[in-house]
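According to TrEMBL:
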{"type": "REGION", "residues": "1-21", "note": "region 'Disordered'"}
{"type": "TRANSMEM", "residues": "47-67", "note": "transmembrane segment"}
{"type": "TRANSMEM", "residues": "87-107", "note": "transmembrane segment"}
{"type": "TRANSMEM", "residues": "114-135", "note": "transmembrane segment"}
{"type": "TRANSMEM", "residues": "141-165", "note": "transmembrane segment"}
{"type": "TRANSMEM", "residues": "177-197", "note": "transmembrane segment"}
{"type": "TRANSMEM", "residues": "209-229", "note": "transmembrane segment"}
{"type": "DOMAIN", "residues": "221-420", "note": "domain 'Major facilitator superfamily (MFS) profile'"}
{"type": "TRANSMEM", "residues": "236-254", "note": "transmembrane segment"}
{"type": "TRANSMEM", "residues": "266-284", "note": "transmembrane segment"}
{"type": "TRANSMEM", "residues": "291-315", "note": "transmembrane segment"}
{"type": "TRANSMEM", "residues": "321-346", "note": "transmembrane segment"}
{"type": "TRANSMEM", "residues": "358-379", "note": "transmembrane segment"}
{"type": "TRANSMEM", "residues": "385-406", "note": "transmembrane segment"}
Amino acid sequence: MSMKSAIHDTSTTNKKSDDLEDLGHMSSSNSQIACSESGLPDGGFRAWGTAFGCFLMQFCGFGYLSSFGVYQDYYTRIYLANYPPSTISWIGALTAFLAVNVTLISGPLYDRGWFYRLMIVGSLLQSISLFALSFAKPGQFYLAFMVQGVLAGIGMGLTYATSIAVVSQHFSKKRTLVMSLVTSGTPLGSMVHPIMLNRLLNGTVGFARGVRISAGFVSALLLIACLIMRTRGLPVPTVGYTTIGFYYPLFYLQLDSAKHDIDINISFYSLVILNAACFIGRCTTGIVATYIGVLNFMIASTVACSAVIISMIALSDVASVVAIGLLYGYFSGVFAALWVPLVAVFTPNLSELGARMGICFAFTAFSGLVSGPISGALLGPQYRWWIPSLVSGIISLVGSSMFVAMRLMLYRRERKENHP
């Protein structure tokens, strides 16, 4: 199928299943593999073992990063109470920034056959960063910043996109299905890690032992992943992504709940609720997009996310926390699942796909870097929650309008093609 027809299919509101599979094929292979598509086994023990290892990488990478809201809450209230929330949020923001932008380095290295070295070094850095964090004392912001922000960010950047790209070497027809299962490791990790961290940090175990237990758990999973993942072809670079409004609820929903004197158990589980809905959103995106179209579903999800972020102004009780967590979690999961296929569809020459994604994600990664600290600065020491909620929501709404403009451009192009 030509790229021109792929764009045409994306702009329609009622796509066929095989058209969506073509979109999934392009997005999940962000690269061409040295061997032909027809030569892929599309399964087998080695392939599924690799997929499971990649799932574990997502679980321990961005799945752990997405639980930073637990650290944000604990640092703000207890461990780094002398620092404002905006300063503390730089830790998580830098982790996300490096996890995305380091892929601009890990991609070419992956292209040169460094997959195993990237996985081993990246996993070691993630493991060491957590064990080193456990030795941080109350008030030692810069130690937490270096090991949790810098070291962990670099480690995730070496493994994140690389562990997604390698799946395309083992699957062809099942690629879309397997990619959705692999990336679901992120929201699943975002459910498990907050429960564990909240119980450990806020229980009788304490910070040091709690972080070490968490580090041991993550290290064991990373070791399993490194042992079972395999390659079978020569890949080309790939990249990860983030966006400006994405991290505000992840960083501040739990703290927002706690500061409104909502039941502490509900506050601790707010991120779990959010990420459970995100998991459902990612897993169901392919089915829904089959009927309404990739770009249309992207517009709906971004507008919904913007509305939910603004509605955080009204957060005041248990019902509002649950509603915000469920709605934002679902639609942010949809957004995350659709972003890469959408970029791939608008790439006329697949040999340019890595470069285009690198440019696109470099800009969005910078947005992710500054979004958390800016929201913290807007929040201020008086905790004026309506200001960052409104600003983040409006910025996200402006981003949604760009997708609407894209949809109009595609509609005009389609009309010109049908009526030359």
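Using the three backbone atoms N, Cα and C, a Cβ is placed for every residue, glycine included.
Remote same-chain residues near the transmembrane segment (385-406) are listed as 243-245, 248, 252, 256, 259, 295, 298-299, 302-303, 305-307, 309-313, 315, 371, 374-376, 378-379 (criterion: CB distance under 8 Å, separation of at least six residues from the stretch ends). Looking just at the domain 'Major facilitator superfamily (MFS) profile' (221-420), the mean pLDDT is 75. Contact counts against the transmembrane segment (114-135), taken as Cβ pairs under 8 Å, peak for 141-165 among the stretches 47-67, 87-107, 141-165, 177-197, 266-284. Against the transmembrane segment (177-197), the recorded stretches 47-67, 141-165, 209-229, 266-284 differ in Cβ pairs under 8 Å, and the greatest number is found for 47-67. Proximity of distant same-chain residues to the transmembrane segment (266-284), defined by a Cβ-Cβ separation under 8 Å and at least 6 residues beyond the stretch ends, is recorded for 66-67, 69-70, 73, 180, 183-184, 186-188, 190-191, 194-195, 198, 202, 249-250, 253-254, 257-258, 318, 321-322, 324-334, 336-337. Note on the transmembrane segment (209-229): residues 49-50, 52-54, 56-57, 59-60, 64, 115-116, 119-120, 123, 126-127, 130-131, 133-134, 163, 166, 193, 196-197, 200-201, 203 of its chain, located 6 or more positions outside it, place their CB under 8 angstroms from a CB of the stretch.
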